[in-house]
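Read through the structure below, which is laid out as structure tokens, and then see the notes.
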Ligand SMILES: Nc1nc2c([nH]c(=O)n2[C@H]2C[C@H](O)[C@@H](COP(=O)(O)OP(=O)(O)OP(=O)(O)O)O2)c(=O)[nH]1
Ligand SMILES: [Mg+2]
């Protein structure tokens, strides 16, 4: 089984949990295309060769949302297998520095509290991130 799983393509993804001064988190709705299309996520994307996780997260958030952030502490690393690929999500707490969030590569953006987050549909891999956030802030 593990041999079979390791044959699937693997992607390493830098992911930002971006906090604002009101204790809300930024989430975005992915574009409709693809297996995970239309679900909500924490913004981020593939770590390029030679790039640190922090550089990846800053770059992706500027490309996708158009804002500047400070990357803070590591929250969790999540390994997850979807039906035809595997991902490693490297998740960092971040703070919003400046810029108004824009839907440059997504359908919609919201600032939400942890109490509100269950109202949104996330990919399977995100459950572990949300649990880690709840443990951090309970
Ligand atoms: N950014 C992000 N990706 C997530 C989350 N949860 C989750 O399963 N993923 C998956 C979906 C995608 O398969 C992968 C992220 O890929 P992506 O499409 O954001 O990558 P990218 O921005 O570099 O875009 P591309 O160049 O591949 O088009 O990780 C999440 O909370 N945030
Ligand atoms: Mg992305």
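Cβ from N, Cα, C; glycine included.
Secondary structure at residue 30 (8-oxo-dGTP binding site), taken from DSSP and collapsed to helix, strand or coil, is coil. Around residue 30 (8-oxo-dGTP binding site), the same-chain residues six or more apart in sequence whose CB sits under 8 Å from its CB are 36, 37, 38, 39, 40, 41, 106, 107, listed in sequence order. Marked as 8-oxo-dGTP binding site by TrEMBL: 30, 41, 42, 43, 44, 126.
The feature Mg(2+) binding site is assigned by TrEMBL to 44, 64. Within 10 Å of the C-beta of residue 64 (Mg(2+) binding site) we count 21 further C-beta atoms, all protein chains included.
Per TrEMBL, the feature domain 'Nudix hydrolase' maps to 8-137.
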Within the domain 'Nudix hydrolase' (8-137), residues counted as helix, strand or coil by DSSP: 30 helix, 52 strand, 48 coil
Filtered binding-site residues, from 30, 41, 126, whose Cβ is under 6 Å from an atom of ligand 1: 41, 126
Distance from residue 64 (Mg(2+) binding site) back to residue 43 (8-oxo-dGTP binding site), taken between C-alpha atoms, in Å: 7
